[in-house]
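Q: Starting off with a structure, shown below.
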Amino acid sequence: MTYELLNTIDDPADLRRLDRRQLGPLANELRAFVLDSVSQTGGHLSSNLGTVELTIALHYVFNTPEDRIVWDVGHQSYPHKILTGRRDQMGSLRQLDGISGFPRRSESPYDTFGTAHSSTSISAALGMALGAKTKGEDRVAIAVIGDGAMSAGMAFEAMNNAGVYKDLPLVVVLNDNDMSISPPVGALNRYLARLMSGQFYAATKKGVEKLLSVAPPVLEFAKRFEEHTKGMFVPATMFEEFGFNYIGPIDGHDLESLVPTLQNIRQRAREGGGPQFLHVVTKKGQGYKLAEADPILYHGPGKFNPQEGIKPSGRPAKVTYTQVFGQWLCDMAAADKRLVGITPAMREGSGMVEFEQRFPDRYYDVGIAEQHAVTFAGGLACEGLKPVVAIYSTFLQRGYDQLIHDVALQNLPVVFALDRAGLVGADGATHAGAYDIAYLRCIPNMMVMTPADENECRQLLSTAFAQDCPTAVRYPRGAGTGVTVQPTLEPLPVGKAEVRRTSTAPAGQRVAILAFGSMVAPASAAAERLDATVVNMRFVKPLDVACVLEMARTHDFVVTAEEGCVMGGAGSACLEALAAAGVATPVLQLGLPDRFVDHGDHAALLAQCGLDANGILASIRERFAVQPRAAAPRVA
């Protein structure tokens, strides 16, 4: 497809020079460009196909970047990136040293607020609106929220706060793509949207309220009339009770409705009309039939042929850690009726589809509400059930107070299955599970486990389930190492490490590598070159202190390796144990550096951080001047 209109747009100022009649053809080009780009790089597709018209309308109407747009979650921001000067960079999307798959302030002045976790947009936009007002600057702040993000408490906290500012230039756009819109009613539908957002409706409402102040019976009648007639068209009551002027719902793919509605909203917001709430209904995957039919499959695909769609690779794939968890969950649920599963809106991503199908009465999707999920699990545990919370490592951060106060303080037996621990590749720093070891091991009563492979993941999940205290099992994204997963549900001994390899190096050259979780494999590869001892530590807490001390006393050097932050991590736990015992063996800590690790291929990022086999080898040689075995082949 040729992109005659799209190629003329390098920023929204170019867009605003177009005639309104050109916006429809532009939307077709933009949608085709998104599809073509994502099919070549991988990334979020369905949500971006659904926001094409909305993105065009927002940048066409509002004076961006002076007017601030905040994209909640941010995975629907590709059309925004394309229209704001990054069209020619889309080939580097989510690649190493390329542009991010989410809004990023350092990337563009049009990315007014960095997002990736949900439900933050209204709070950020409220802060921007009040900041502009405080400084006497004339601008509007717009929060675009959808994809279930409105279910989180933070969104309602922000609306509750915003509603007290009656003249605030704040606009909330609810991108409702979770339900289908009724067939359009043509001119009437567009007229009602313009009427509700325009000056006539505002003036009429104000006049009725004035009349009410002098004639209470008339006012009561007027209020009832307004609520009943407006309620025939829009579910406005809840949002208006928060202090917002509600408009909608309108078709989010109909530019003939979107543009004039947003123009009226912008005018009202700038003229002191107070917070505005626009409800638009869009369809995930819009314009690409395969994505419309299965928006979940096309939510975040890898590279694919748009003409053929996503096809199985044909190659036997290694089982993923997520699949191992899903199978274990079903097997343990069949064996123990106390097990209940909880997910904060990540059924597919966390591997709980089969569990929901087989045990629907024991499956709880609480929506995007991590704080609630943790305390809810605590309540279930109080009644003698055994809750398993399946959650991405990065999202458990959102329920940290609840983890401490509502679960650990009461020593409740809740299992936290932490998917996406460590680096996550293309999703980058916002989704990396870099901090869980550090933020979990400092909590009293908490047990923290790090499986080295997919079979051990199953074993440690069983170990966690057998405990009478809160536990966490952290495992990485993607495929395992290829080992056979045994069907057993037997637990492993708590707090016991496993020596995988024993060094035969001479005195002065003896190195012990204490590896946690995913670092066991690269540490083992490096150890072959060095003739080093490798210990699969398994437990961060309780740490196998006896093993740590033995390794330090029988080796010249100790190395700790973890796919988590070095500061406060598992290596720090080992150093604390050595310090407490007065053992002064030199220690090298390897882990994620004290910076946010960007997006890119997972293997490339590990190499960048020195956590692949060659990086581990190089760090040990540099620090301790240990010589590799000459006959060993080079580590791949």
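Counting begins at 1 with the first residue displayed.
Every residue, even glycine, has its Cβ placed from backbone N, Cα and C.
Straight out of Swiss-Prot:
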- His75, Ala116, His117, Ser118, Gly148, Ala149, Asn177, Tyr288, Glu370: thiamine diphosphate binding site (BINDING)
- Asp147, Asn177: Mg(2+) binding site (BINDING)
Q: The record lists His75, Ala116, His117, Ser118, Gly148, Ala149, Asn177, Tyr288, Glu370 as binding thiamine diphosphate. What's the largest Cα to Cα distance among them, in Å, rounded to a whole number?
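A: Largest Cα to Cα distance for the thiamine diphosphate-binding set is 32 Å.
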Q: Helix, strand or coil for His75 (thiamine diphosphate binding site)? Use DSSP.
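A: Where His75 (thiamine diphosphate binding site) sits, the three-state DSSP reduction gives coil.
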Q: Can you tell me how many other Cβ atoms are located within 10 Å of the Cβ belonging to Glu370 (thiamine diphosphate binding site)?
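A: Result for Glu370 (thiamine diphosphate binding site): 27 neighbouring Cβ atoms inside 10 Å.
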